[in-house]
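A short write-up of the structure that comes next.
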Amino acid sequence: MEIMPESSACLELTMSIPGSSSNSSSFPSSGEGGGGRYNMMRDLELDINQVPSSGNINDEEISMEEEEEESSNNNINDNINGASRKKLRLTKQQSFLLEESFRQNHTLNPKQKEALAMQLKLKARQVEVWFQNRRARSKLKQTEMECEYLKRWFGSLNEQNRRLKKEVEELRAMKVGPPTVLSPHSCHPLPASTLTMCPHCERVTKTNVRDESRI
DNA sequence: GTAGTCAAGCTGACGC
DNA sequence: GCGTCAGCTTGACTAC
């Protein structure tokens, strides 16, 4: 039961970056193995979500309101130099663009990640983490949906089972005799009373062959 | 106060 | 060895 379509098409992010430098590539998404790798990342986390003073921000993409939101985020993250880490909140615009990218492709290659990170003024690592978490969330959602579906199915099967058991008990109570009628098709003996399933109510109904023949 | 959300940290596995 | 992933955990923040 595959719910989410996996696009095999590669997402191509095109953008124009006036006067962009190569500073984005300086972020080591990984470098050293083991613990050192993450110590470095912890250090780099300190200036998370900081926006360069010389803004190359696209006016069409980020409104005044969002810029305020973004600056408030930066205020929060200016505080990061302390011991406790501060939570980054993505702006509406950032979330929207990330969602759009995710909708097109659930994974990013390094180029796409870099481009998206620059576009969103985030670090490539943040984009990568967002996609990882997003994939996890969609998988969780899908699992929950499947669980709900299976629960409903189990309930209906239970109900059907209950009905059938009841029918069996009713039939046993009737103590119908052994088959005495031959099938006109196969010449095999038929029970005097046969069971048919009502297509409308899905109830098993008893049909007496001899009664039927009288009709 | 606490349960829920979510970005980020961490680890082990995998492919190249 | 490196990059990336899934899975799990942590901690800041929010809504109630």
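Just so it is clear, glycine is given a Cβ too, placed from its N, Cα and C backbone atoms.
According to TrEMBL, the region 'Disordered' annotation covers A:1-39, A:62-84. What TrEMBL records for A:16-30, A:72-81 is compositional bias 'Low complexity'. Annotation source TrEMBL lists compositional bias 'Acidic residues' at A:62-71. What TrEMBL lists as domain 'Homeobox' is A:81-141. Per TrEMBL, DNA-binding region is recorded for A:83-142.
Averaged across the domain 'Homeobox' (A:81-141), pLDDT for the predicted model comes to 82. Residue counts for the DNA-binding region (A:83-142) by DSSP state, with H, G and I taken as helix and E and B as strand, are 43 helix, 0 strand, 17 coil.
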